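This report refers to the structure that appears directly beneath it.
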């Protein structure tokens with residue numbers, strides 16, 4: 001359990017195909033029973049909204065992807081993005 005934070009400024013313009021991400025994974029890494037938290041900024045076409053995609057893996061099972069549309073332009077300045085988790089929730 002803990003808190004993890006990163007300060008990012010995304011690339012502006014047409015960034016389709018670019019994924020900026022950070023994730024945390026258990027010791028067994030890519031193993032079939034890994035636990036993992038994903039936080040990804042999806043690339044986009046100029047003028048389209050930026051999306052953050054999150055996912056949680058528990059004992060190797062994901063399928064918890066969620067996409068969140070940003071209400072601000074993440075290319076204009078640095079912003080701090082954080083994950084806070086404990087034995088009850090992930091925020």
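Cβ from N, Cα, C; glycine included.
TrEMBL: automatically predicted annotations, no manual curation.
TrEMBL has this to say about the protein:
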- 36: active site, nucleophile (ACT_SITE)
- 40: active site, proton donor (ACT_SITE)
- 1-91: domain 'GH16' (DOMAIN)
**Asked** What residues, ordered by sequence, lie under 8 A Cβ-to-Cβ from the residue listed as 'active site, nucleophile' and sit at least six positions away in the same chain?
**Response** 23, 24, 25, 26, 55, 56, 57, 62
**Request:** Check each residue in the chain of residue 40 (active site, proton donor) that is at least six apart in sequence and keep those whose C-beta is under 8 Å from its C-beta; list them in sequence order.
**Result:** 19, 20, 21, 23, 52, 53, 54, 55
**Request:** Pull the DSSP breakdown for the domain 'GH16' (1-91) and write it out as helix, strand, coil residue counts.
**Result:** 0 helix, 42 strand, 49 coil
